[in-house]
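Please read the structure below before turning to the comments.
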């Protein structure tokens, strides 16, 4: 009976819906990059344009998306974003199948402009899908999960950790699955499979959302939008008012019998045009005034790094002689350590409290990344500061050398690592000198680099969960959407800067410098978090305690707005 009750509970249904959604997202994000490379003659141009459009859109529209989440009922937001996201992916898949089937004919029509229009259409619709995915993540992971957990902080921490474990598993398994389909089938078959999956998944997820909504009546109650003046008064409260033992504000708002959108006032055309810009400004101001502003900024700074398993790092590893199979194993190891980080988070939070968990996680992550900094100076490191990071660009600009394209790689190499080598513009290893073949390059440097990156995942994901729960507990209900939307914008901004940094210094000889800059940004992020913790806990910052499990989590009456 207890087993059946768990599998029919709102919590499990939320996990199941998130797993289906994340699996589809990971398959699509992996496949669309490979599709764009395949379509544009093995060039990274379309992939780079797609990445820039996605990052810029979330950066500019994150606050507006969050504001839309706040102003509408939870079920409407979740279902609308789900339908828009999946429908966009299905439409993209159909268009890509048409392009793959009739690419030769499209090239001859209107001097190739029709094919260019198809490329623009694919990138635009894929960007809409990503924006809808952002709205889904905000409403489910930042709002629904808080309501389902109720006022039980331990349950909220466990649910956050489980969501991250699902993310870690799908990050590895979903690209592997679609990669095998595309390797042994064709890109067209891959498009068809992803479109079919999203159609099926959309129907199941829609039903699961409705079930969760029915099983959690409090989801139907949503607090009215707080006026700007009232929000400012809440945000600028002194940190000294916070409880010293935990330093966490859990704001309990007045219950509303039902969510009713505010009545629209008669406004002029100019006011309507200016409204998105005002919302954008107010969102960033409200984010700055949050008591957890420094913690959120600390998390955003961790995105300014090349020390992750993205296309940049895997491309560099390939130039240093690591094979696709080895990189696949390393990615699997990183997923395991990421799951270990979610386990460490729940244990540390019970023993030391939420804020101190972030401190411990930050120290653990930075200590592991020291290995990455040391690897820059070890044998086998290609770092050479005498080589100008712009040498490759200058050579092509002033010596009229053609821009490189990616030599056709083996399919299993792309599908094993996720993306061809981005550092040279070619899939061939950088060490092509016969006297310095990849087999003869000492692997001490690259081994230390990946040891540090993989080990740091424990602290990274524990820290990420800490800041996530701080935002969930500290941001008032009526502002969760816009604040988390701005947080996503900050994350994308720093992520965009890290790609710009790589563009400015694309040579493997300069990668060591990028590693040192990345470690510096991680250090700055954790310094910001330390300052937040110091303000919150004061003299009790380093006094680790074990919370009383028998103590009631919250005792304030629901009709009174107060801090616990």
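Glycine residues also receive a Cβ, built from the backbone N, Cα and C atoms like all the rest.
If one looks beyond the transmembrane segment (43-65) by at least 6 residues along the same chain, the residues whose Cβ comes under 8 Å of a Cβ in the stretch are 32-33, 36-37, 119, 123-124, 126-127, 130-131, 134-135, 138, 276, 279-280, 282-284, 405-406, 419-420, 422, 425, 481-482, 485-489, 492-493, 495-496, 499. The transmembrane segment annotation in TrEMBL covers 43-65 (among others).
According to TrEMBL, the feature transmembrane segment maps to 77-100 (among others).
Away from its own ends, the transmembrane segment (112-132) comes close to residues 28, 32, 36, 39-40, 46, 49-50, 53-54, 57-58, 61, 65, 81-82, 84-85, 88-89, 91-92, 95-96, 98-99, 103, 106 of its chain (Cβ-Cβ under 8 Å, at least six residues beyond either end). Taken from TrEMBL, the feature transmembrane segment applies to 112-132 (among others).
As annotated by TrEMBL, transmembrane segment applies to 292-318 (among others).
Positions annotated as transmembrane segment by TrEMBL: 324-347 (among others). Long-range neighbours of the transmembrane segment (324-347) within the same chain, counting only residues 6 or more positions beyond its ends whose Cβ lies under 8 Å from a Cβ of the stretch, are 157-158, 160-162, 164-165, 168-169, 171-172, 176, 309, 314, 317-318, 357, 361, 410, 412-413, 416-418, 450, 453-455, 457-462, 465-466.
According to TrEMBL, the transmembrane segment annotation covers 359-378 (among others). Long-range contacts of the transmembrane segment (359-378) within the same chain: residues 298, 307, 341, 344-345, 348, 352, 444-449, 451-453, 455-456, 458-460, 462-463, 466, 512, 515-516, 518-519, 522-523, 525-526, 529-530, 533, 541, each at least 6 residues beyond the stretch ends and with a Cβ under 8 Å from a Cβ of the stretch.
Tertiary neighbourhood of the transmembrane segment (441-460): same-chain residues 302, 307-309, 313, 317, 320-322, 330, 333-334, 337-338, 340-341, 344, 361-372, 374-376, 378-381, 431, 515, selected by CB-CB distance under 8 Å and a gap of 6+ residues from either end. Annotated transmembrane segment per TrEMBL: 441-460 (among others), in sequence order.
The feature transmembrane segment is assigned by TrEMBL to 481-504 (among others).
Using a Cβ-Cβ cut-off under 8 Å and counting only residues 6 or more beyond its ends in the same chain, the transmembrane segment (510-530) has close neighbours at 294-295, 297-302, 304-307, 316, 358-359, 362-363, 365-366, 369-370, 372-373, 375-377, 381-383, 385, 387, 389, 423, 449, 463, 467, 494, 498, 501-502. Sequence annotations record features per position, and here TrEMBL assigns transmembrane segment to 510-530 (among others).
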